[in-house]
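Written below as structure tokens is the structure these notes are about.
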Amino acid sequence: MSGELNGNDTPTQAAMPAVGVPESVAFAEDAEQHNESMKTLVLGALGVVYGDIGTSPIYAFREALHAAASDGILARSDILGVVSLIFWALTLVVTIKYVLFVLRADNNGEGGILSLMALVRGALKGRPDLILGVGICGAALFFGDAVITPAISVLSAMEGLEIVAPDLTPFVVPITVVILVTLFSVQKLGTGKVAIVFGPIMALWFLALGASGLWHIFDDPTVMVALNPYYAVRFLMISPGIAFITVGAVFLAMTGAEALYADLGHFGRKPIVRAWLWIVFPCLLLNYFGQAAFILSHGEAAALPFFQMMPSFALLPMVLLATAATVIASQAVITGAYSVARQAVQLNILPRLEIQHTSEKLHGQIYIPRVNLLLGLAVVILVLGFEKSSNLAAAYGIAVTGNMLVTTVLLYIVMTRIWNWRVSRALPIIVGFLIIDIMFFGANIIKVHEGGWASIGIAAILVLIMWTWVRGTRHLFNKTRKAEVPLDLIVQQMTKRPPTIVPGTAVFLTGDPKSAPTALMHSLKHYKVLHENNVILTVVTASKPWVSSADRARVSQYNERFMQVTLTFGYMQQPNIPRALGICRKLGWKFDIMTTSFFLSRRSLKASAHSGLPLWQDKLFILLARTASDATEYFQIPTGRVVEIGTQVNL
């Protein structure tokens with residue numbers, strides 16, 4: 001296998017300059033193409049990665065000022081303290097923690113909390129359940145964030161209508177609901193055709209942020225003294241109680257920072273970093289400092305400073321641009337939710353889900369109907385229940401701070417176990433990050449009664465579902481394994497006393513390659529026949545995102561009648577069994593789909609008082625198993641080649 005070549009195995013020819021072309025010219029052309037490609041990726045990152053954090057100026061500074069003025073007084077020192085906190089939070093958390101460290105902790109180029117969990121589980125063999133639990137919590141918090149982001153983003157943009165036309169205030173929530181329902185309704189059509197405009201629109205958005213902020217900085221240029229951390233520290237120390245509440249609101253300026261890591265696989269580290277350092281970070285800072293300067297010179301403008309500082313002729317266009325930006329931010333989060341859900345299914349944290357591909361060219365563009373429906377319903381319910389973006393702000397921070405806290409914990413394991421850093425080197429950095437994360441998490445967790453319960457409730461329900469699925473599948477595996485016959489024994493018996501042999505190939509899917517598949521045993525028991533060729537097939541998900549076709553299949557022969565095939569897929573890949581079995585032709589097995597039957601076991605589960613799991617968890621697991629997508633569709637097996645054999649199992 002290692003000696004075989006594929007279409008990508010001739011890099012030396014591709015790297016050589018064209019014959020007759022001076023080397024300097026060839027390299028100049030390569031450099032120009034590289035620069036154009038980099039610009040495209042940077043523009044793409046603006047549209048996907050930075051939509052969430054890019055729309056934070058609409059509400060983050062406003063909420064932080066409201067918290068700082070909770071004692072009824074908003075002094076100049078409060079305004080400078082808040083903008084200084086935002087500047088240093090963005091610098092320490094996004095620029096240093098994520099850009100310098102977290103983005104380097106990729107799993108074969110992929111990012112995201114489940115990728116990080118899989119990477120750490122592969123490196124830390126001793127405590128797999130602990131790491132799995134941490135990863136499940138992180139994934140649940142991500143889904144909580146995915147519910148809140150579209151609601152607060154679009155709602156905050158629509159609130160700009162209150163400035164444009166106060167008479168439209170009663171219609172803010174209905175218009176928001178219409179936009180969100182439309183957004184979720186068109187997901188099944190795919191986003192490939194419209195995604196091409198996301199980057200340019202977000203580039204225009206960031207330029208508008210920077211320009212409007214820069215213009216108003218001249219209202220009071222002394223606002224720039226807030227770059228000095230003295231003002232942030234002074235604000236924290238003068239009124240610790242009010243400052244602690246304000247810190248929770250300041251964190252809203254960083255919501256979306258986790259997207260830098262989650263979308264790492266789509267764009268790569270360099271485009272994400274360059275987009276942040278060249279465009280996003282400078283434009284965000286200009287806007288926040290511009291809002292601060294505007295309020296310093298117009299003290300009465302703290303209600304909706306983002307829209308109030310716009311000139312009258314630009315107000316309506318800015319509301320429309322903000323709406324487009326928040327829809328794009330919502331789309332990025334929805335797409336991210338699909339990706340995380342697929343990873344969770346592949347890692348066996350969730351039951352199989354129907355996954356539809358919306359693009360023939362881009363395999364990453366998927367649509368998951370069940371996730372879309374549940375996410376859409378939850379978002380609309382939040383909008384109708386909370387009605388104002390300021391009410392949702394309390395719910396927003398908990399999910400994101402929790403996700404960041406989980407990321408920091410896993411990052412420490414990456415540093416010490418994968419990067420092989422000494423503890424004395426890694427610990428001070430991680431402790432610094434943990435202090436910041438815990439401070440933000442603590443400042444947000446006290447808002448449970450104000451709306452934080454929604455975020456915690458969503459995450460808790462998802463943790464319960466995922467952990468029940470993990471425990472239930474393990475229990476079912478152990479229970480069925482005790483009752484099953486070792487495969488070696490069946491092979492020996494069939495060799496000594498073979499039943500009637502029928503032509504063709506039978507493929508038996510099983511999760512336990514050491515035991516005889518249930519479908520095989522029932523076939524022998526009821527039909528008393530054995531196929532000419534019998535394949536015991538196991539599908540394995542690797543702890544890395546992508547597995548090459550060269551490493552896809554492993555074949556071992558028991559005897560002339562039985563062989564074992566193991567197919568390995570990455571957790572970002574959609575299993576296609578017929579296509580993968582075609583690779584086995586190179587390994588000596590002449591696979592022919594037209595003479596092959598696939599035998600699948602369909603278990604009917606029943607709750608049992610003696611299962612070892614609580615009865616309620618038994619029933620929840622059974623419900624999840626019943627809602628799982630059909631294995632035939634999930635593994636993309638032609639329905640005409642499938643034989644399903646049903647069995648009943650008492651948990």
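Numbers run from 1 along the shown chain.
Here the Cβ of each residue, glycine as well, is placed from N, Cα and C on the backbone.
These come from Swiss-Prot:
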type: TRANSMEM; residues: 41-61; note: transmembrane segment
type: TRANSMEM; residues: 82-102; note: transmembrane segment
type: TRANSMEM; residues: 130-150; note: transmembrane segment
type: TRANSMEM; residues: 163-183; note: transmembrane segment
type: TRANSMEM; residues: 194-214; note: transmembrane segment
type: TRANSMEM; residues: 235-255; note: transmembrane segment
type: TRANSMEM; residues: 276-296; note: transmembrane segment
type: TRANSMEM; residues: 309-329; note: transmembrane segment
type: TRANSMEM; residues: 366-386; note: transmembrane segment
type: TRANSMEM; residues: 395-415; note: transmembrane segment
type: TRANSMEM; residues: 426-446; note: transmembrane segment
type: TRANSMEM; residues: 450-470; note: transmembrane segment
Quiz item: By a Cβ-Cβ criterion of under 8 Å, what residues six or more beyond either terminus of the transmembrane segment (395-415) are in contact with it?
Solution: 93, 97, 101-102, 105, 113, 116-117, 119-120, 123-124, 131, 134-135, 137-138, 141-142, 144-145, 148-149, 152, 248-249, 251-252, 254-258, 261, 382, 386, 421, 425-427, 429-430, 433-434, 437-438, 440-441, 443-445, 447-448, 451-456, 458-459
Quiz item: Cβ pairs under 8 Å with the transmembrane segment (366-386): which stretch of 41-61, 130-150, 276-296, 426-446, 450-470 has the most?
Solution: 130-150
Practice problem: Give me the stretch from 82-102, 276-296, 309-329, 426-446 with the greatest number of Cβ pairs under 8 Å to the transmembrane segment (41-61). | Solution: 276-296
Quiz item: Okay, the transmembrane segment (82-102) and the transmembrane segment (426-446): do they have at least three CB pairs under 8 Å, pairs separated by 6 or more?
Solution: yes
Quiz prompt | Dominant neighbour of the transmembrane segment (276-296) in 82-102, 130-150, 163-183, 450-470, by Cβ pairs under 8 Å | solution = 82-102
Self-check item: Long-range neighbours of the transmembrane segment (450-470), counting only residues six or more past its ends (CB under 8 A)
Solution: 132-133, 136-137, 139-141, 143-144, 147-148, 344, 348-351, 378, 382, 385-386, 391-399, 402, 444, 617, 620-621, 624
